[in-house]
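Before any comments, here is the structure.
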Amino acid sequence: MASRDLAESLLPGGGGGGGASSSHDEYEERAYDSDDKVSISISDSEPDDVGEPGAARPRPTFSWRKLWRFTGPGFLMCIGFLDPGNLEGDLQAGAAAGYQLLWLLLWATVMGALVQLLSARLGVVTGKHLAELCREEYPPWATRALWVMTELALVGADIQEVIGSAIAIKILSGGIVPLWGGVVITAFDCFIFLFLENYGVRKLEAFFGVLIATMAISFAIMFGETKPSGKELLIGLVVPKLSSKTIKQAVGIVGCIIMPHNVFLHSALVQSRKIDTKKKSRVQEAVYYYNIESILALIVSFFINICVTTVFAKGFYGSDKADNIGLENAGQYLQEKYGTALFPVLYIWAIGLLASGQSSTITGTYAGQFVMGGFLNLRLKKWLRAVITRSFAIIPTMIVALFFDTEDPTMDVLNESLNVLQSIQIPFALIPLITLVSSEQLMGSFVVGPITKVISWIVTIFLMLINGYLILSFYTNEVRGAVVRSSLCVVLAVYLAFIIYLILRNTTLYSRLRSSVSKSS
């Protein structure tokens, strides 16, 4: 009886009694409770769903007020494009390739925008997020496998994000706070998240807006003080260039932009608004405004990434330091190169890095809650899920902070390993996403068209090829020993088999194969 009381106290609204069996259905995992959602006020003058059920309806009249009410989820999502891993990819691309890879950064952002718009569309139309839909769509073994893969990607991303925050704290404290101390401080950001969440979704979104603005201002000041070439910037955006020496940086740019957990996150964030999914005009309106809001947010993230890349292109391209720049020494190199104008550039860099790390670790905690709750249908209180999710990342990050020196070459190997870990998880977010948004049974009239579907699969295949290059490069350069290599080959075979299963599962070929196997048995 005591264990039952404990279990009930951990449920949302637990400990209040009232033992109807249907009460557990009320606690089925959802991204947001009804009371937490932001109301989108609709005026009486606006058209409702009238006429024939399948009849085309005019696009909703644009309203700045409504756009403001819908604004928030896209900016939380765009933080995934601005985490310390992305900043490190930006600065290394600028230092190693100059302005040459800006075009790739542009198109990687466009590809990321397509993926995120599909994610938002799925969440709005179905009223459920991607992790929940995967649990309903796939058999239990596949659901568990997808959850494990997504959690691994989350842990890999969070280690880099927490380390980025810890490095910024170390710089701003003048080295007084060691790396592990910065990790401990960053670990408490989940309590900030829980505190703000209690005051409503809009307060939480405003907090992230301040962090994004801090990044934008910090890196814009760096851009202004270093004065990169505007002409070369434009040429880099328009003229595609790629040499054998910059392939690694090119792969890093594309791999960092699209993060698996961010796809799951966005499909849940869009449910923070009260939308009547039974009315087609309301769903159409939500998709319309979320598309605008997401694109505006990604334009802001692209501007920040451009600032970082061009600053390091101007200062270090072709120099002896180009191959040795990382998150920790980047500020010091900038300080040595540009000194102090209005404010020490070292601290400007650290402030921007701290905003990046703090915002991305908190959204990582947020994503972890949705992923865990959606895949496993865990009916736990938010604070408990936040603590569990945070522990997944903080424990390995603390180990890294204690046993690795950020200036040691082994840290570079670790970072590369974490990038590979996140990149190889991309198919397990994109394939289910495209499969679900292409399902007419699930999406109804909001199912994606054939052109969008083809482009989405092309983007997914392109990203999978990049993943293959990353895996092959890492396998060739870093993996040693016959036993380790043989083990990785077995893991790779299982990995590819699972991807093929996800691609073919809803096809006629898979149905025929399954039918023939069942008949033969």
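Even glycines carry a Cβ here, placed using N, Cα and C.
Taken from TrEMBL as is:
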- 1-57: region 'Disordered' (REGION)
- 23-38: compositional bias 'Basic and acidic residues' (COMPBIAS)
- 102-124: transmembrane segment (TRANSMEM)
- 175-194: transmembrane segment (TRANSMEM)
- 206-224: transmembrane segment (TRANSMEM)
- 250-269: transmembrane segment (TRANSMEM)
- 290-313: transmembrane segment (TRANSMEM)
- 346-371: transmembrane segment (TRANSMEM)
- 383-404: transmembrane segment (TRANSMEM)
- 424-442: transmembrane segment (TRANSMEM)
- 454-476: transmembrane segment (TRANSMEM)
- 482-504: transmembrane segment (TRANSMEM)
Next on the checklist: Restricting to CB pairs under 8 Å, which listed stretch, 175-194, 290-313, 346-371, 424-442, is in contact most with the transmembrane segment (454-476)?
Outcome noted: 424-442
Checklist entry - Excluding the flanking five residues on each side, which residues at least 6 beyond the ends of the transmembrane segment (175-194) place their CB within less than 8 Å of a CB in that stretch? => result 162-163, 165-169, 204, 207, 357-358, 361-362, 365-366, 382-383, 386-387, 389-390, 394, 397-398, 401-402, 406
Next on the checklist: Under 8 Å for C-beta pairs, could you tell me which stretch among 102-124, 206-224, 346-371, 383-404 has the largest tally with the transmembrane segment (250-269)?
Outcome noted: 102-124
Next on the checklist: Should anything in the same chain at least six residues away from the transmembrane segment (102-124) have a Cβ under 8 Å from its Cβ atoms, list it; otherwise answer none.
Outcome noted: 31, 73-74, 77, 81, 90, 93, 130, 133, 233, 236-242, 250, 253-254, 257-258, 262-264, 266-271, 275, 277, 283, 286-287, 290-291, 294-295, 298, 301-302, 305-306, 309-310, 430, 433-434, 436-437, 443, 446, 448, 452, 455-456, 459, 462-463
Checklist entry - Who are the chain neighbours of the transmembrane segment (346-371) in space, where the CB to CB distance is under 8 Å and they lie at least 6 residues beyond its ends? => result 31, 76, 79-80, 82-84, 87, 129, 131, 147, 150-151, 154, 157-158, 161-162, 164-169, 171-172, 186, 189-190, 192-193, 208, 211-212, 214-215, 218-219, 221-222, 225, 261-262, 264-265, 268, 327, 330-332, 334-335, 382, 385-386, 389-390, 392-393
